[in-house]
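What follows is a set of notes on a single structure, which appears directly below.
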Amino acid sequence: MKQNDKIICMLEERQKEDIKNLNKAVTEFQQNFQKPETRREFDLSDPQALKKDTPARLSDNDPRCTISGLQKFLGEDLNHDRRVKFQKEQSREWSLQQQRDWKNALADQKFAEDLHDKNRIDLDQKAMELQRKDVETRQAVCAATKDFNRTQAAEFEERKMLEKRQEEEDNVAEISNLLRGDLLSENPEQAASSFGRHRVITDRWKGMNQDQLMAIRYTQQQQVLEKLRLQEEERQRNAEWDRQRIQAARAQLLFERHQQRLNRELRRTLDNANAQLSQDQKSKKIYLQEEVYSNFPTGQYFTQFNTTSR
């Protein structure tokens with residue numbers, strides 16, 4: 001009994017705590033989401049309605065001031081004092097701005113005149129300095145040009161004399177070379193090219209000798225024999241390739257027949273396995289249709305189901 005009383009007290013305390021928490025949650029919900037100002041009829045009983053309402057007349061340009069409203073009459077000017085004050089302030093600001101602009105203009109003009117005078121003096125000094133340097137540069141250039149022309153004339157005379165002497169020596173050497181050269185003496189070695197003995201200079205070549213002609217004919221015969229030998233080797237190689245290709249095709253045909261035979265056997269085995277599997281599935285289906293459910297639900301089952309649902 002003490003244990004039961006203790007349990008009952010604990011349940012009552014828990015119930016009171018739950019009721020307290022529920023009331024607290026309801027109060028917080030009402031304070032957060034059900035405020036008086038959110039009600040539909042709050043505007044009918046709002047204590048601050050007159051403070052929140054717009055005055056009947058805000059200014060002279062208020063569009064609500066109609067003739068029938070008797071809120072505005074001819075001769076009234078609510079903004080007179082404010083407009084006069086604003087005009088005075090604006091006039092004072094304009095006057096001060098004009099004075100500042102005048103002082104700034106005078107200061108800018110004086111600064112511009114001083115700067116102009118300073119720049120003009122600097123330009124005059126630079127012009128005089130440049131003129132002096134130009135005169136000195138011209139004198140130096142004239143002197144250097146005179147010396148250079150004198151030196152060039154002397155070098156030209158000396159170079160002309162050397163060229164004339166060299167030309168005379170070259171003419172004498174050319175005449176000597178022509179008299180002793182291979183062109184007039186018709187030396188057969190003059191046709192040999194510097195790129196090799198197998199090449200000749202066409203404008204100096206006098207023709208081939210008998211040994212060269214015999215060597216060419218012998219080389220042509222060897223080339224004909226070599227070509228016949230290569231043609232025979234090519235024919236034998238083609239015949240060997242044809243024989244190997246025929247053997248490969250025959251082996252491929254035998255392999256394809258063997259593969260087809262294996263495929264037919266594999267298909268036959270697969271069909272038998274599928275037929276056996278189909279028969280097993282049909283037998284299992286018939287067995288499931290004949291099975292009867294015999295496990296009836298009891299009161300304990302329903303009690304457990306209701307407890308789980310709660």
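Cβ coordinates come from backbone N, Cα and C, glycine included.
According to TrEMBL, the coiled coil annotation covers 256-283. The compositional bias 'Basic and acidic residues' feature in TrEMBL is assigned to 36-62. TrEMBL lists 31-62 with the feature region 'Disordered'.
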Secondary structure content of the compositional bias 'Basic and acidic residues' (36-62), with strand meaning DSSP E or B
10 helix, 0 strand, 17 coil
In the coiled coil (256-283), averaged pLDDT is 88
